[in-house]
Amino acid sequence: MGKEDKTHINVVVIGHVDSGKSTTTGHLIYKCGGIDKRTIEKFEKEAAELGKGSFKYAWVLDKLKAERERGITIDIALWKFETPKYYVTVIDAPGHRDFIKNMITGTSQADCAILIIAAGTGEFEAGISKDGQTREHALLAYTLGVKQLIVAINKMDTTQWSQTRFEEIIKETKNFIKKVGYNPAGVAFVPISGFNGDNMLEPSTNCPWYKGWEKETKAGKATGKTLLEAIDAIEPPKRPTDKPLRLPLQDVYKIGGIGTVPVGRIETGVLKPGMVVTFAPSNVTTEVKSVEMHHEQLAQGVPGDNVGFNVKNVSVKDIRRGNVAGDSKNDPPAGAASFTAQVIVLNHPGQVGAGYAPVLDCHTAHIACKFAELLEKIDRRTGKAVEASPKFIKSGDAAIVKMIPSKPMCVEAFTDYPPLGRFAVRDMRQTVAVGVIKAVDKSTAAAGKVTKSAAKAAKK
């Protein structure tokens, strides 16, 4: 396979804080990834000097995390690794304060979650206990539309590669993920040691009893032995090129001699020079003169591309971060007067009732929204109503809520445009709830500004 032919996929790694996520992820990146030998040697030397030699894979990841948290934008290639079939990007590993927010507003939707579970006595039980973080992360992944899952049973060396322990854990984990919403038949369960490397890239000789994993896919049965093969067996995502254009703006630049250049990531549809786009909720329509990525002109931009595009006769004052660009002739975006959403309260110290007005982070928009009405309390797993018009909801509850943005904002139903249909509720400097938008009441805005070039282009 040529280098260019590989599909890009995104994975998110979840699991309890001591499950060995960093070591396992570090190992994959280390062995098949974008870290050059020089950097590895430097890290190894530092780790040895600090007496952390045994910790080298996690150390690699810790170095990357520390640099990222200090705001040094390290080369993102460091979070990538290759399998025979895919280029894999690790979006984020939890434990990071903003993990939940990143997962929701994150630049990318994960195609698959890798759940790492520690096999050690007591460790496994702690990881999936009632209040376990693991449960929260798995539920979040499922709620946010990450429908594929791989389970890696880590630290098998601490159980002397016990087959009974492995089978006991699988039985429990199957029940656990079923409660979350996943179908265990479609999940690969792999016994590994992220630290020693067993069953990571090569089949281990330590578990002769292990015959390999198998899972059902749309195409039939898939089998394999290693974690790498399980990642390779992820079903390739369908990128939404056929949907109408949605491009949330990250920034708008004014570039001398060129003019106004909005920048953002195409979430759905395609963007081509000559197209007439509408920005919502600003309600400005204009023609796209050129599209570029990494300083190269593109004939068209597709979902996943971070592009800059030059628009005619629009000032930097007209459009801003959080606006969404779409095709003026194909379901153009519009501001939302109100919307209903399924909201899950994660950690709020008190009760949440009508009138609560926290800030919502949805795609690139960051806007206060009022919980206007709690319509019904629902069972998180089934989505069925358990109480009509509750007075309050608290941590752990899920409800259907009618929300009203404090100023115009552009959102969409999750089923139509997933990245514009999920949000994080931020309050007290943390994510207190997450939501998935069910329906949007689009404000019928008065006719907006249409530039001359757009009017001309429309006549063509």
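Every residue gets a Cβ built from N, Cα and C, even glycine.
Taken from Swiss-Prot, the feature GTP binding site covers 15-22, 92-96, 154-157. Annotation source Swiss-Prot lists domain 'tr-type G' at 6-241. For GLY2, the entry in Swiss-Prot reads N,N,N-trimethylglycine, with the evidence type similarity to another entry. Residues annotated as N6,N6,N6-trimethyllysine in Swiss-Prot, with similarity to another entry given as evidence: LYS80. Look at Swiss-Prot and you will find 154-157 tagged as region 'G4'.
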The region 'G4' (154-157) resolves under DSSP into 2 helix, 1 strand, 1 coil
CB within-chain contacts under 8 A for MET156 (GTP binding site), separation at least 6: ALA119, SER162, PHE166, PRO191, ILE192, SER193, ASP198, ASN206, CYS207
Structural state of LYS21 (GTP binding site), classified by DSSP into three states: helix
Sparsest-packed among the recorded positions, when each Cβ's other Cβ atoms within 10 Å are tallied, from LYS21, LYS80: LYS80
Whole-number Å distance between the CA of LYS21 (GTP binding site) and the CA of LYS80 (N6,N6,N6-trimethyllysine)? 15
Enter the number of other CB atoms within 10 angstroms of the CB of ASP18 (GTP binding site). 14
Give the distance between the Cα atoms of LYS80 (N6,N6,N6-trimethyllysine) and GLY15 (GTP binding site), rounded to the nearest whole Å. 19
GLY15 (GTP binding site) has its Cβ surrounded, within 10 angstroms, by a count of other Cβ atoms equal to 28
Kindly state the mean pLDDT of the region 'G4' (154-157) in the predicted structure. 92
